[in-house]
Structure formats: C-alpha cells, structure tokens
C-alpha cells in the first residue's frame, strides 16, 4: 500500500518573500506527504544547484517554475509505482535521472522536495512519527539549540561583520528548559539594546540587527543580557559565532570593515578569534575561515580545535566527499548539516554518519529563507545529532521548529535524552 501514485509540486513563498518549492507525494493507501524546501542567503560554492527561472518579469528572476515542472513532468513519472519506503532507491533514481554532480539538470530544490515528501509519506503510511521512521527506536536525543539572537553580515543590513552571534543554553537539563532560557535571554537582549538606544528590528533569522560600534560590542551586549536574565555566562549559557568568513575573503586576505585594522591575514584572523575565546565563553565558531582557505582551516584547527567546536558549513556543504577530504587533512571538528546543500535525505544521512565515525560533531541547520516545514527538527532527533541551529526566538518560520521539538520531547516523555554541555564530546 506504500506504492507512489502521484507526485505534485507547486511554487510557494519562503520567509524572505522569495519563491520556493513545495512537493506532495500521494500513496495508494490515500496517504500524502508534503515537504517545502528552504533557501540560503550566504551559500557555499560547491552546494548543489538551486534551480531558479531567471525570468526578470516574475519574482525578480527568482521563480522556481522550472523546478516545479521538473517534478511534475519528469520526476513524477519515474517514481510512480515505486514503494515510498524505498528511500535509498528513490533518491538514487532521481540522482541517475539528473546525472550531474551538483544536480544542475533537475535542480537540488526539485529533488530535495520530492525526497523529503517521500519520507513523510512513508512515515505516515507505517504509522510512525518522522523522527522515528528515519532514526528507529533509538531516536530519542533532543538537540541543544544554537540560537541566533544577534545578526550581522549577509543576514542583516548593518555594520557588524560577523554574521551570527548565538547563545547555547548548555546548562539546561532538558530541551524545554533550554528553550525557555533562550527566550528569556532574547527578551533581556531587547531590553538591553533599547536601553542603549539601539534599533530592535530583526534580521532574516529573527535575531536583532542593530548598528553596533564593533563586532565585540555584540558579545558585550549579549553578556549583559545573559546576566539580566539571571543566568551565568560560561555555565548556564555558552556563546557561538557564525563568521561566514567566505563573505569576508578577497585576494587571500580577510576584510572585517568594522575593526580598527580591517585587513587581516589568516594568522591575524585566528589571533582575533583567540582573543575573543579568551575573553568570552565562546564554545563554537562556524566558518571561521573561508571555504577555499584550507591552509587557514588547518591552522585554526591546530590552534583552537581542542578548545572550540570549529564547524564547517561552506567548507563541507553537507557533502560526504568533501567532508572525507577534510577529515583526512585534519581540518575542523564539526559539520553543519543543511539538507538543501546536498539535495537528498539519503546523502544527508550519509554525511552525518561519516562525521560521527570520524568523531566530528553534527549540527542540523536551517537556512535564512525558511518555511513552516519542520522536517529538520525531526531529523535532529532521528540522528541524535545533539545540536540544532534554527534561528532566534521569534518569527514563526524559526519557532515552528522549536515547537516541533517540544512536541517530540513531550511524546518521548521519560525516554527523552538531553546532553547539554556533553554534546561537545570531542573537546577536552
């Protein structure tokens, strides 16, 4: 009864008002699975291709009708008759149909929408929640959230170079407690910013985006907010950064325009990070070096890799082949997992497994352009990832994922696990 009878895609809007893809997969039993595809603002060079129409007369060229047609006219007829429970077979069929390394024929957005909708339909068919269908009976660990409460870089129109300043409520005893702690710090930060006369408008991911005097002032106001909320920085709450340094890299140098000395070599940028790590309880730095600066990545890993989680996002783009290269060269110690960087659920699970076998931590992540789809919340629990990055404590597109995790925690009840600080198992 899990035989696929129809596959249908439509164009919808994401949280930034840009078109994206939604796919529905129908089974012989009458069951339907639906999934929507996210979209990034800062993207890695080697990400799978997000197919856009390029028609300036519609959505400023960002329409996805080509991807929609690829699902409805090409992919659908290939999958009708296949069993939805054959996730690997279905994903392989789509990869063969596309025939390119970066999914440039059909579009990774088209392929991913189908891949996720198939998994949702199959889970519904067998009567299991999505996280349990994907992960099995041992899928029960709720992730420590990495909450983006202050935005800069490509995620905000302000003068802060670093893209994301995040809090991690690592002292919490449960996911629900971590969420509450994060929300309280978020509201305290709004009060702190207002008190200093700063704008409290929010960026793409729900974090505040004020024009601060420096990158370090962002850390200072967050530290003040943590104290104002009644918590201890370094014990209850840890800090994390996403530098998105590929956006700052030009001609072999890094340019942080709002620093006293904007132009920095790789060594000078690592000095900058080391100084921040010594002054503030920073436990994680994402994309601290540019995606093509592998020498810089090796240097930062050698210097900070025992003290700080060094997350490769643009560096690895959820690609098992690139991740294996990084592991062999000893760069980074963690990988950010974004479903649409690679384009199928099967390949995503392969990347997670590869990382775990090498002792790399895994962080399941949203994109700046999100929808109400909550698949990544289920994925985080399915693979016992330990960490999730899904934005701030406002905007429904972000909060939807947190609320889904609350439901999962409630459903798991006493079997639910939450490791807090222990998710950083490879730091000593």
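We number each residue from 1, going along the chain as drawn.
Any Cβ shown, glycine's included, is placed from N, Cα and C.
Among the features that Swiss-Prot reports, active site, proton donor is placed at 205, with the record citing sequence analysis. Using a 10 Å radius centred on the Cβ of residue 205 (active site, proton donor) and all shown protein chains, the other Cβ atoms total 30.
Look at Swiss-Prot and you will find 338 tagged as active site, proton acceptor, backed by sequence analysis. Mapped onto three states, the DSSP output places residue 338 (active site, proton acceptor) in coil. Counting only residues at least six positions away in the same chain, the Cβ atoms of 38, 40, 313, 317, 318, 365, 366, 367 sit under 8 Å from the Cβ of residue 338 (active site, proton acceptor).
Annotated (2R)-2-phosphoglycerate binding site per Swiss-Prot: 163, 338, 367, 368, 389, in sequence order. Residue 367 ((2R)-2-phosphoglycerate binding site) carries neither a helix nor a strand DSSP state and counts as coil.
If you look up Swiss-Prot, you'll see 242, 286, 313 marked as Mg(2+) binding site. Long-range Cβ proximity for residue 286 (Mg(2+) binding site), meaning a same-chain Cβ under 8 A and a gap of 6 or more residues, is found for 164, 240, 241, 242, 243, 244, 311, 312, 313, 336, 363.
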| remark: argmin Cα dist to residue 205 (active site, proton donor) over the binding-site residues 163, 368, 389 returns 368
| query | Out of 163, 368, which of the binding-site residues has the smallest number of neighbouring Cβ atoms within 10 Å? | reply | 368
| remark: Residues lining the Mg(2+) site besides 242, 286, 313 (CB within 8 A of their CB center) are 163, 164, 241, 243, 244, 285, 287, 311, 314, 336, 389
| field | DSSP three-state assignment (helix, strand or coil) for residue 242 (Mg(2+) binding site) | value | strand
